[in-house]
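As recorded in TrEMBL, the features of this protein are as follows:
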TRANSMEM  66-86  transmembrane segment
TRANSMEM  178-202  transmembrane segment
TRANSMEM  208-227  transmembrane segment
TRANSMEM  324-345  transmembrane segment
TRANSMEM  365-385  transmembrane segment
TRANSMEM  406-429  transmembrane segment
TRANSMEM  449-477  transmembrane segment
TRANSMEM  489-509  transmembrane segment
TRANSMEM  529-552  transmembrane segment
Amino acid sequence: MDISRDGKIESKPERRLGGNRAAFFVYTMEGLENMAFACMAASLMTYFSGYMNFSLTKSATTITNFVGTSFLVALFGGFICDTYWTRFKTCVLFGCAEFLGYALLTAQAHFHQLRPIPCKGVSSDQCEAAGGSQSAILFTGLYLIAFGTSGIKAALPSLGADQFDENDPKEAIQLSSFFNWFLLSLTMGAIIGVTVIVWLGANQGWDLGFGVCTIAIFFAIIFVSTGKSLYRNNVPKGSPLTRVAQVLVAAIRNRDLPIPERAEELHEIHDKEAGVKQEILPRTGQFRLLDRAAIANTTDCASTSINPVPWRLCTVTQVEETKILLRMLPIVLSTVFLNTCLAQLQTFSVQQSTTMDTHVFGFRVPGPSLPVIPLLFIFVMIPIYERFFVPLARKITGIPTGIRHLQRVGVGLVLSVISMAVSGVVETWRKSVAIEHNMVDSTEPLPMSFLWLGFQFGIFGAADMFTLVGLLEFFYAEGSAGMKSLGTAISWCSVAFGYFLSSVVVQVVNKVTGGWLASDNLNRDKLNYFYWLLAGISTVNFGVYLTCASWYRYKDRGAMEQIEKGGEDDAREKFKW
């Protein structure tokens, strides 16, 4: 950006920044980073039980905590890059932390002195789980990875989206495409991670598998750094959580004041200086109690008009920023159960596959590679969705994204219900095959191909494609300028809460039903009933989501533009779900 002699900011150089050239480096980093993370998530069960001598229960709990933490701590990453650092800097520094985590696990896998003696081939009294310094190295590496990937998950989608101006009609279409291609790069990385790198780790040594992950993260940092000169970088606008807290405190302090009907009676700052870009949000009708935070108390009128105290008087934009966050929370909470179903599907479908014929054209497919089925489905569906469905829907609706974000999320929730129902049907058939062939207690594979599980996986892959991208795009588009990364992080929290909730659901179901899933023999368990129960709860959850989505009010960009140009102050947001 250059400043001419008359002091005006020239916009021509700015147009050379951003766009698809800059987004390419974001896609590359996401593909490499998720390749490593997907490999880690898919292979840890084998690594914990085979190398760290953990029990199955401890292994499963450790993996759940690791994955859940990786998504939950994204809130911290989002807070950091909205408050202190640019999104680019956040990606690089958190990437370095993740690199150190993988390097630590690689060293532990390579040097046998850092691991316990393998249980295979030794007496039971010599078989001990990792403890002391061995456990410290393991968990330090694991949670460095969780910490690093959480910051990248919060900052990287927003960094890529920042390269497109949502107020420019042409770039608004490119912004919509960005989130689809971002998911495609994530999917491509995951496909390689759960197939090639998992195979390397299991067959050639975990030090090689983790070493490849370490190299992948190193090049991910290099690639995203290479595009630095092309990025449109965000300017941190201070702590969004502090601004929200100020609104709540000011509203409580002004709780006895009457709420004015006219928007111009509320406090707002209009900065008309040349070159200063400031987001001004119009007043909305929801959560009117919070409007009191923008009322100047007459007893403090003289002091607040000259030097407003933020904990006593807030702007309308600050109040609306808080309202946006409150409106978004029911949306993300109503998608948590979808990720609970995803966690159950990944766990029990792998167990189902161990009882079935896993040969394809003479090649035996390992159970941990089953997640590649929904990934392949997403890989095929994204280009079709982007190239065919979106242009057609755009012609009908006139919306750059084809359909609205909440409609896309809703489609994903419906597909998750169908996936759970199909899972129940397939499991009922699998059990009938076991009974028909007198193999209920047999450890031999049933005469039924594991590819039948592909139906439930494929449908859920489509559900994930609609919901994940819909949420990321929704939180970025609807979030205020000062909390876009935090909004992205909140969308990832849906995954974290879903994984944490999954173990609770299994325990509650076992206790209430007397042990539908308590046996170690799937042929005697009631897994089909459990799937149908999940389908029923998902249907109720979809009804809750419909209520929340119908209640939600999108930001009215037309009203925002009017206000920035000095137009009507009482512009209202339109209902659009």
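Each Cβ is built from the backbone N, Cα and C atoms, and glycine gets one as well.
Automatic prediction, not curation, is the source of TrEMBL annotations.
Here the transmembrane segment (489-509) sits apart from the transmembrane segment (208-227); fewer than 3 CB pairs are under 8 Å, leaving out pairs fewer than 6 apart in sequence.
Among 66-86, 208-227, 365-385, 529-552, 529-552 has the largest number of CB pairs under 8 A with the transmembrane segment (324-345).
Of the Cβ pairs linking the transmembrane segment (449-477) with the transmembrane segment (365-385) and spaced 6 or more residues apart, 3 or more are under 8 Å, so the two regions touch.
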